[in-house]
């Protein structure tokens, strides 16, 4: 172990297997807080590689609470957060649109990172229980086609690094890998990231983690979501290859809006925004969800282009199917809790 730690201190890269060894030591509580802090900072200064990101993500999945679901059928659209945009809950709202398209969505999420309301906060405001048992999450995925997986609940071993991360007060590899650690074995994924320079690398990581198809994007204004404010940069992973692209909202039939147009509020305000979007209320909030759901449908392979995805997303909202998914989740969850 000391040899591997020293390797990083010497600014040398770890292999995926080596990182898995170090991460397992961390998640099993065998490394001191001092050593964890030194390791994370050395890694940050050196720069995290795709192999290192994949290694630590796999280690987290290995010690996570497992949620059983047929391998290779579900997707997630969780982002890293950390873009300081203070936007409303875009990926959470988009998840109901994806589920309405018949895609099982294992929505991995947490409390607020860069806004006043994280996905967990808004879910609670909507009446969604974020601390359900693994078997209940499986039931909801099978019955409704969407379930919320609260990150601290499914990753209890993160307690060994929580204090260290707070003490360091700076982004580390853990700020990048949250969306990579969904305990459900995903087939496809849409992942927003706040660092544009890591788009390609993160797409490669998703390939190493077994995704068949994935999109990693960084929006205009360096958002970890697709944005209507300008050019969006994204990477498509498929068949072992990564290709880079850009896309502006006008290319998919959407108007441009400044970032200020999608500002969010607290959990109560964001829950109201989410409901207004699923009701089809026109404006920047709805169009932002259509764009992100369009990317999600494209990442899943449900459509051949983002434009087709946006058009399908619009139909799913107009038909009321996306709104019905939210109601179904609340209804069936009550049924589970009543047992």
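The count begins at 1 with the first shown residue.
Yeah, the Cβs are placed from backbone N, Cα and C, and that goes for glycine too.
The 5-phospho-alpha-D-ribose 1-diphosphate binding site annotation in Swiss-Prot covers 79, 82-83, 87, 89-92, 107-115, 119. Mapped onto three states, the DSSP output places residue 79 (5-phospho-alpha-D-ribose 1-diphosphate binding site) in coil. Applying an 8 A CB threshold to same-chain residues 6+ apart, the list for residue 79 (5-phospho-alpha-D-ribose 1-diphosphate binding site) reads 91, 179, 191, 192, 193, 194, 224, 225.
Residues or ranges marked as anthranilate 1 binding site by Swiss-Prot: 79, 110. In the three-state DSSP classification, residue 110 (anthranilate 1 binding site) falls within coil. Cβ contacts within 10 Å of residue 110 (anthranilate 1 binding site), excluding its own Cβ and spanning all protein chains shown: 19.
The Mg(2+) 1 binding site annotation in Swiss-Prot covers 91, 225. When secondary structure is read from DSSP and collapsed to three states, residue 225 (Mg(2+) 1 binding site) falls in the coil class.
Per Swiss-Prot, anthranilate 2 binding site is recorded for 165. Counting only same-chain residues at least 6 apart in sequence, those with a Cβ under 8 Å from the Cβ of residue 165 (anthranilate 2 binding site) are 40, 172, 174.
Residues or ranges marked as Mg(2+) 2 binding site by Swiss-Prot: 224, 225. Other Cβ atoms within 10 Å of the Cβ of residue 224 (Mg(2+) 2 binding site), summed over all protein chains shown, number 28.
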Three-class DSSP secondary structure - residue 87 (5-phospho-alpha-D-ribose 1-diphosphate binding site): strand
Neighbour count (Cβ, 10 Å) for residue 108 (5-phospho-alpha-D-ribose 1-diphosphate binding site): 27
C-alpha spacing of residue 110 (anthranilate 1 binding site) relative to residue 87 (5-phospho-alpha-D-ribose 1-diphosphate binding site), in angstrom: 15
